[in-house]
Amino acid sequence: MTKVTLLGASGGIGQPLSMLLKLNPMITNLALYDIKQAMVPCAGVAADISHINTPAKVTGYAGDDELEAALTGANIIVMTAGVPRKPGMTRDDLFKINAGIVRGLATAAAKYAPKATLCIVSNPVNSTVPIAAEIYKKAGVFDPKKILGVTQLDITRANTFVGEKTGMDVEHMDVPVIGGHAGETIMTLFSQARPEVKLNQAVIEELDKRIQNAGTEVVEAKNGAGSATLSMAYAAAKFVDVVIRGQRGQITAACAYINEPNEDVSYFSYRCDFGPEGVSRVHPLERLTPYEQKRLVEVRKKLKGDIQNGINFASS
């Protein structure tokens with residue numbers, strides 16, 4: 001029995017993600033939650049996808065008074081709640097709005113489903129994951145193996161862009177992306193792509209920048225009418241599938257932004273193996289090229305500020 005609770009189910013990411021999770025045959029209970037003021041009532045999203053002939057039983061919840069029921073018994077909680085990026089909006093702008101939303105939902109999750117694996121999509125992930133972790137620490141239920149920032153969209157983009165550039169099958173590309181989930185903190189390890197790819201330095205730097213700025217590319221293409229909601233939903237569904245398989249005892253791997261202190265940063269996205277208790281192994285950073293080593297220094301420097309912003313907010 002696997003219960004997945006999706007927080008923010010009526011939103012731009014939440015609705016397509018709800019449908020994709022309903023398609024996962026390993027999910028037996030899908031709880032959808034959003035605020036009562038959501039543009040589309042959560043009960044309506046639940047009714048819509050409940051007609052899909054897959055095993056998951058779907059239930060909709062709305063408002064603070066139904067949050068406990070939505071969370072109780074969850075094995076996995078996926079948090080997508082918050083406002084999307086708009087043209088000209090930085091992730092710092094997002095932080096000011098979304099930090100409070102994440103703090104409130106993390107407080108409820110720590111109270112009603114403390115043993116669930118928490119997958120955070122709500123941006124800016126570099127800061128919202130530390131916020132949630134601090135809330136869990138205050139509640140005495142913090143487990144670093146089970147609080148995960150979902151960076152899978154960066155890997156999805158890297159696989160697509162590298163596959164397109166090389167003419168290789170994009171469905172079978174595996175390009176690790178480490179670091180963070182915003183701008184220059186997004187660090188693609190082209191040297192560790194599987195299958196191996198041969199790229200000159202100019203192409204590596206071009207693709208590196210494109211992967212970093214891909215979110216802005218979508219925001220601008222939608223002309224202010226939305227952000228990368230559909231591709232994010234796809235990536236989040238893939239990530240949840242990895243976590244579920246790990247809970248079932250299958251050794252699975254994905255990149256995730258986690259609390260894993262290393263040198264001078266306490267949070268970082270690594271390639272991880274997943275097991276029944278969440279992250280079971282963190283892959284070490286090895287065989288980096290000189291360019292990747294240089295980028296790593298830049299990434300860690302930028303991440304420190306993002307992480308501290310989250311910790312400071314949770315403590316305020």
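Numbers here mean position along the shown chain, with the first residue as 1.
Each Cβ is built from the backbone N, Cα and C atoms, and glycine gets one as well.
As the structure is a computational prediction, the values presented were derived from the model and not from experiment.
Binding of NAD(+) is attributed by TrEMBL to Gly8, Ala9, Ser10, Gly11, Gly12, Ile13, Gly14, Asp34, Val121, Ser122, Asn123, Met232, and within the candidate set Asn98, Asn200, Asn259, Asn262 the record adds Asn98 to that site. Each of the binding-site residues Asn98, Asn123 was scored by the number of other CB atoms within 10 A of its CB, and the lowest score belongs to Asn98. The most densely surrounded of the recorded positions Arg157, His181 is His181 (count of other Cβ atoms within 10 A of its Cβ). Secondary structure counts, DSSP: the domain 'Lactate/malate dehydrogenase N-terminal' (2-149) has 63 helix, 28 strand, 57 coil.
Counting in whole angstrom, Ser122 (NAD(+) binding site) lies 18 from Arg157 (substrate binding site) by their C-alpha atoms. Among the binding-site residues Gly8, Gly12, Arg157, not one has its Cα within 10 Å of the Cα of His181 (active site, proton acceptor).
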